[in-house]
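J.: Feature table excerpt (TrEMBL):
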BINDING   Asn142, Asn143, Gly144, Gly145, Asp146, Gly211, Phe212, Ser213, Phe214, His215, Gly216, Gln217, Asp249  (6S)-NADPHX binding site
BINDING   Asn143, Asp207, Ser252  K(+) binding site
DOMAIN    92-308  domain 'YjeF N-terminal'
SIGNAL    1-17  signal peptide
Amino acid sequence: MPSFLLLSSLIFTPTLSSSSAAAAAAAVPIPFPIPLRRPLSVCPAYPFWGSRRGPGSICYAPSPPSSPRARALYSAGSMEDQAVSYLTQREAAEIDEILMGPLGFSVDQLMELAGLSVAAAIAEVYKSSEYRRVLAICGPGNNGGDGLVAARHLHHFGYEPFICYPKRTPKPLYNGLVTQLESLSISFISVDDLPQNLMENFDLIVDAMFGFSFHGQPRPPFDDLIQRLASISRVDCGPKKSSAIISVDIPSGWHVEEGDITGEGFEPDMLVSLTAPKLCAKKFVGPHHFLGGRFVPPSIISKYKLKLPQYPGTSMCVRIGKPPSVDIASLRENYISPELLEDQVLSHPVDQFHKWFDEAVAAGLREPNAMALSTSGHEGKPSSRMVLLKGADKQGFVWFTNYGSQKAKELSENPHASLLFYWNPLNRQVRVEGTVEKVSREESEIYFHSRPRGSQLGAIASKQSTTVIGRHVLHEAYKKLEEEYADGSLIPMPEYWGGYRLKPTKFEFWQGQPSRLHDRLQYSIRTVNGGEVWHIERLSP
């Protein structure tokens, strides 16, 4: 939040700083809480833009390298890869004055947005399961207030924050922030009670000591605290995870425009710039740089000729520069899940599928009916794509598509296919294999007319898998259809569109477990006494 306006003369110079649908539901028995269509591959985001306070960030990124040199090589020059404005100290102070003057923002509003942005950015990069204990070191000014707010939000995000707040500001706003934290039983730790090596007790350290209004040399106890952070940033822990440092707006002790001019400061792993990055951010070489402050109005953008990134969706933070490069081979997850035992699963695989599907819906997963459909033609070359399940019962699994598509062509040559459901947050996947046939035209008609009119028009406008010279061709075809059916008349289902049903012959239910000792239960059809039954057996992971 505004790290402007430092209120302590000890350290700062004060600155202002319908029916057919019912029939479709009967034919397509999976219940969905909302209409789900084509699955999207979306990166989680908490973007945000513009002024100096705000939440969140964008893509999940892995933990940074532990070696300072590795960290520098990891992202040096990332800021140069994206056009973004940098503010001088004077410009930053002027913008805060305008925000809190004619534009009507209050200090506590900006502080709340800033703290939320810092907390959301942290949550995007550092999982609470791995980086749980967080120390927020807060200074006496607005930058410290940002840290106090961030700590409160981190508590609600599932972290365990601790506060070091050595020079408290005796104003109602700050007293209120302290009271809020105390009401959550968040611990305050004095400087004397902190371990000399902060890595011993804390996974993350939030540097909220000084903002851009800081002048001069840090005084006790902040000078010593900065040196403790410097000792962390210089440690090479090898493969062992080290504590990560997150700086709010600028790294404390850095010159606002020149950066670490003494060479004795610390290098944060994450910098959450507020409003726009300050000039010193050009010297930041850590792997994670976020911008917070998605409330800068056009008047300020125009006046200061600011170049600021766009923020997707409702996000309040955005990553600046290139996402950090990672060693793909080092990415791994140790799954922690309940055991999947033979005597606990249902005897029929479709019933077991519905049980897991319902749990995926209850867990709030995005498009739990998204599934990878794999097909191959007469040449045996496999192809896969994501489609949406629209019905599942003991007769089979149903989806709809264009009968002129690649998958349709391959199914006409080889009517065998597989489905894969992957519910990552639950450490679960389900594989289904079987034979495929078209559903009746009546069933396809019922589903087609249950779709939004825009989706019906899109199915006609798109000759799926054929080549088009540009997106404008699709838009023009769609617009013509919109005009043709603008009177609300029934849109006829095209002959080349309809559904498929996969009749399962084999299922596998997979549950991730620690040390790669995953549970795999396979259902396959066996003939017993002249009848078909589902047989369950365990497969080695």
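Yeah, the Cβs are placed from backbone N, Cα and C, and that goes for glycine too.
Can you tell me where each of these features sits in this structure?
T.: Counting every protein chain shown, 34 other Cβ atoms lie within 10 Å of the Cβ of Asn143 (K(+) binding site).
Confidence for the domain 'YjeF N-terminal' (92-308), expressed as mean pLDDT, is 92.
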J.: For Ser252 (K(+) binding site), which residues of its chain lie six or more apart in sequence with Cβ-Cβ distance below 8 Å?
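T.: When sequence neighbours closer than 6 are ignored, Ser252 (K(+) binding site) has Gly139, Asp207, Met209, Phe210, Phe214, Pro218, Phe222, Ile226, Leu229 within Cβ distance under 8 Å.
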J.: How far is it from Gly216 ((6S)-NADPHX binding site) to Asn143 (K(+) binding site), counting Cα to Cα, in Å?
T.: 16
J.: Near Gly144 ((6S)-NADPHX binding site), how many other Cβ atoms are within 10 Å of its Cβ?
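T.: Around Gly144 ((6S)-NADPHX binding site), other Cβ atoms within 10 Å: 32.
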J.: In whole Å, how far is Asp249 ((6S)-NADPHX binding site) from Asn143 (K(+) binding site) when you measure between their Cα atoms?
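T.: Spelling it out, the Cα of Asn143 (K(+) binding site) and the Cα of Asp249 ((6S)-NADPHX binding site) are 8 Å apart.
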J.: Please compare the binding-site residues Phe212, Phe214 by how many other CB atoms fall within 10 Å of each one's CB, and tell me which has the fewest.
T.: Phe214
